[in-house]
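Accompanying notes for the structure given below.
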Amino acid sequence: MEEREISQAVIRRLPRYYRYLGELLEHGVERISSNDLSKRMKVTASQIRQDLNNFGGFGQQGYGYNVKYLYTEIGKILGLNENHNIIIIGAGNLGQALANYSAFESRGFILKGIFDVNPRLTGVTIRGIEIRMMEDLKDFVRENDIEIGVLTIPKTKAVEVANLLVDNGVKAIWNFAHTDLNLPDNIIVENVHLSESLMRLSYNITRYNEEHKND
Ligand code: NAI
């Protein structure tokens, strides 16, 4: 496959293609045209063709896309064909909820450890994984080949803990703390802010109500 820079906008859309194709596979669909996929996904067929052309285009004229092939290739592009070891820092409400979500594992994200500073959580296990104290973090990260750190701690501690992770070889941070981390360029950071999503929802409700106020 041709190696070239794929825009972040395309990368952001790939998980959705992956999800739809996975569902098609589950329903035994072997191939699909860009038009059919377009109807299901409510994006234009030309957008789909353009997006998928980034990877040399897996479609064939008159045949459409081979669902299994496309699903596998997008999975590879997203790195889902490999396992990634992760740890969660902050075993509070959110950290525990994420730790309890076993479906990440099926995508190759293997939860190796959970860390916290609250001694009352020592020895508590979630899905068989024990919560450890931060003193053990350095050795644990080094010994378990941890690639991704998930930050579900208060924002005041996030920068300090992110730096600690990076200093010990963690390559990527999935950041839920509401603060920017400003890490070195080679560190991959994905910020997740549910409240931003909620604000977009709020904007759209407000606009909808505005438009329908005279109905
Ligand atoms: P929580 O208070 O239930 O849990 C936080 C946990 O972090 C506690 O167990 C605490 O002992 C631990 N902790 C504090 N300092 C630490 C440190 N230096 N190292 C390791 N562990 C430490 O809070 P909750 O509700 O789970 O939220 C966690 C964080 O996630 C907060 O910063 C919150 O604002 C954020 N959040 C973000 C969301 C998002 O969409 N991005 C959604 C919900 C919460």
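Placement of Cβ uses the backbone N, Cα and C atoms for every residue, glycine included.
For reference, TrEMBL has these:
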DNA_BIND  16-55  DNA-binding region
DOMAIN    79-180  domain 'CoA-binding'
BINDING   Gly90, Ala91, Gly92, Asn93, Leu94, Gly95  NAD(+) binding site
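All features noted in TrEMBL, drawn onto the structure.
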residue: Gly90; record: NAD(+) binding site; Cβ within 10 Å: 24
residue: Ala91; record: NAD(+) binding site; Cβ within 10 Å: 23
residue: Gly92; record: NAD(+) binding site; Cβ within 10 Å: 13
residue: Asn93; record: NAD(+) binding site; Cβ within 10 Å: 9
residue: Leu94; record: NAD(+) binding site; Cβ within 10 Å: 18
residue: Gly95; record: NAD(+) binding site; Cβ within 10 Å: 23
Check your understanding: Going along the chain, which residues at least six beyond the ends of the DNA-binding region (16-55) come within the CB cut-off of under 8 Å?
Key -> 1, 4, 6-7, 10, 63-68, 70-71, 73-75, 77-78, 80
Point to revise | Sorted by sequence, non-Gly90, Ala91, Gly92, Asn93, Leu94, Gly95 residues with Cβ within 8 Å of centre, NAD(+) | key: Ile88, Gln96, Ala97, Leu98, Asp116, Thr152, Ile153
Review point. Taking DSSP three-state, what's Asn93 (NAD(+) binding site) in: helix, strand or coil?
Key: helix
